[in-house]
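Visitor: For reference, the structure I am asking about is given below.
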Amino acid sequence: MKNALIPVGLCLLLLALAALPLVAGAYLQGVLVGVMSAVVLASAWALFSGPTKYISLATVAFFGLGAYTVAVLADHVPFGLILIVAGAVGLAVALVVGLATLRLAGVYFVIFSFGLAELVRQLITWAETTLNKTLGRYIFIDIDARGIYWLLLALAVATLALRWWIERSRLGLAVHAIGDDETVARHAGINVTAVKLALFAISAVIITLAGAIQAPRWTYVEPSIVFNPTISFITLIMALLGGATRLWGPVFGAVPLFFFFEWLSVKVPDQFSVILGLAFILIVFLVPNGVLDLAQSALRRLGLPARGKEAPHA
Amino acid sequence: MLEVRNLTKRFGGLLAVNNVSFHLKTGEVVGLLGPNGSGKSTVMNLISGALMRSAGEVRVDGQRIDGEPAHRIARRGVARTFQLVRLAPSLSLRENVLLSVAFGPEPLWGADAVRRADAALDRVGLGGMGDRRVPDLNYIDQKRLELARAIATRPRLLLLDEWMAGLNPTELKTAIDLIASVRDGGTTILLVEHIMEAVRALCPRCIVMQAGVRIADGPTAEVLADPQVIDAYLGGAAHV
C-alpha cells in the first residue's frame, strides 16, 4: 500500500511543480528558478561529496563554466546544442581535474577544489581581457523564466533519480565504502580512483548544466558574477543542513535556506555575509548529520516508527 | 601457488624487507613469524598491494601481481584481514561482506550476493546479524566480520595479519577451527601470528623473519628449535 503511494505522490508533486509557473507572476517565477537551481546544485554536490566525504568547493568552477559556454556560443548556436556543449566542457574539465586530484585526501582536496574555482575564474578573466579585449558578455537567448524553470525541474528530477539509482546499485555500495575507508574498499576489489572519478564527473556535468541553463536569465555575465565563490559555500551548506548522504537531504536543506537567504538579502543586505557565516557555523555545530537525521532520531526517541536510514543495498 | 622472489621494500633509509623469497603450495597454511618490526606485516602489505615493492617479484599461480593496484590483486582471489581491524562503519554487517562479494573475483549482485554474504556471516558466527551496524559490534565480532568479508569470495590466497590476537582461550579454539575449515575449502593461507598455540595447531610450516630478512623456513617444530630463531624471536620474548 505504502509502496504504491510513494510513486503516485511523487508524480502528483512533480505535476504540481511543473504547473506552478503557469499561475505565478514574474517575481514568483524568478523565485521558482532560484529554488530549483538551489535544489539541483545541492543534490548534485551531495551526489559526489555526500558518500565520499570529499568536500568540494569547486561547485562554482563548473557552474561558471556552464554559464560562460552559453555566453560564448549564444549568438552562434541554438540553445539546445549549447547545453550539450556545456555538458561536454564540464565533463572534460572534471575528468582532467579529477584524475589529477582525487588522490588528495581530506583537507588537501578541499583547498585544491577552492583553488580550482579561483584558477578557472582567473583564466577566463585573462582570456577575455587579452583575446576578447572586454571583460563582460551579453547573452540574448529567447527563453523566459518559465522555460528555464522547467529545464531546471527536469535536471532536478534527473539528479534525484540518478542518486536514487546509484544508492541501490553496487556503485552506491562502493562509494559509501570509499567514504569510510579507501584501503578497505581497494582490498575488496573496488577500483577506487575510477569510482571517485565517475561520481565527480557526473556531479560536475549536472552543476555545469545548471549554470548553462540559467545563463540567459542574467543577460550580462562577467567572471565575478558567475564565478562568485559564495555559490560554492551556499551549495555546501544547503546539502549539509539537509544531510548530504540522504536522497532528499539536499532538497530539505536547499528550499528553506534559499528563502532564508532571499529574506536576508532583502532585509539586511549589508550584513548578509556576516549572517551567512554565522548560519554556516551553526549548521556545522548543531546539525552535523542534517535535519532529516535529527528528525529521525527525535521520532525514535518518542517511540514512533521511523523509516530506516536510506534504503538497504541490493 | 604463491611465489615471493627477492622481495625488497625500502622506507627511505630503512630496509623493512630485505631480499625475501619463499614459496607456498596450494592448500598450504604457513605461519610468518618474527619479532615486532621484523617486516612481517610489510610482506603482507606488499603481497596484497597495500604497499608497492621496491624490488622483487610476487606471483600467484605463475602470474606476476607485484606492481598491480590492490583492487586488481583482490580480483585475482587474494583476500586479507588487517593487523588493526578495518571495516566500513557506515555500512551494515551484510553490506560490509557484500563489498568483496560484489567487487571480488567473481562479482555477484542482487539476491545471490546477499545469500553469499549471509552465508559468510553465518560461517564466522555472525548469522542473523546482517542488518546490525559495525559500531554495535565488540572487538571480537569486528574481527569475525573482517574474516567474513575476506572469505566470502572463496579466495585462493588468504592473508591473515594477527587475526587471532586478543581472543580468549574458548574464542581461540573456535577461531582455529574456523581457519582450518577455510583451509579445507582449498584456500592457501599465509598468517602472521604471535599466538604460538594457533601457529602449532594450524601451520605445519613456518617462515621466520628478523630485521627484514628471512632467517628460517621449514617444518614448524624444527624452525622453532633453530638456535638462530630462538635467539631472534623467542629470546626477545623470554623475559616477558
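Cβ coordinates are placed from backbone N, Cα and C, and glycine is handled just like the others.
Pulled the feature table from TrEMBL, pasting it below:
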TRANSMEM  A:28-48  transmembrane segment
TRANSMEM  A:55-74  transmembrane segment
TRANSMEM  A:80-100  transmembrane segment
TRANSMEM  A:107-127  transmembrane segment
TRANSMEM  A:147-166  transmembrane segment
TRANSMEM  A:194-213  transmembrane segment
TRANSMEM  A:225-242  transmembrane segment
TRANSMEM  A:247-266  transmembrane segment
TRANSMEM  A:272-292  transmembrane segment
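What does the local environment look like for each feature on the list?
Guide: Within its own chain, the transmembrane segment (A:28-48) is flanked in space by residues 20-21, 54, 56, 59, 63, 144-146, 148-149, 152-153, 155-156, 159-160, 162-163, 166, 196, 199-200, 202-204, 206-207, 210, 214, 217, 231, 234-236, 238-239, 242, 244-245, 249-251, 253-255, 257-259, 262, which lie at least six positions past its ends and keep a Cβ under 8 Å from the stretch.
For the transmembrane segment (A:80-100), same-chain residues at least 6 beyond its ends with a Cβ under 8 Å from one of its own Cβ atoms are 58, 61-62, 65-66, 69-70, 73-74, 116, 120, 193, 196-197, 200-201, 203-205, 207-209, 211-213.
Beyond its flanks by at least six residues, the transmembrane segment (A:225-242) meets 38, 41-43, 45-46, 49-50, 55-61, 63-64, 67-68, 114, 117-118, 120-121, 124, 211, 215, 218, 248-254, 256-258, 261, 273, 276, 279-280, 283-284, 287-288, 290-292 of its own chain at Cβ-Cβ distances under 8 Å.
If one looks beyond the transmembrane segment (A:272-292) by at least 6 residues along the same chain, the residues whose Cβ comes under 8 Å of a Cβ in the stretch are 230, 233-234, 237, 240-246, 248-249, 252-253, 257, 260-261, 264-265.
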Visitor: Is the transmembrane segment (A:107-127) packed against any residues at least 6 beyond its ends, judged by a Cβ distance under 8 Å, and which are they?
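Guide: 54-61, 64-65, 68, 93, 97, 101, 135, 223-224, 227, 229, 232.
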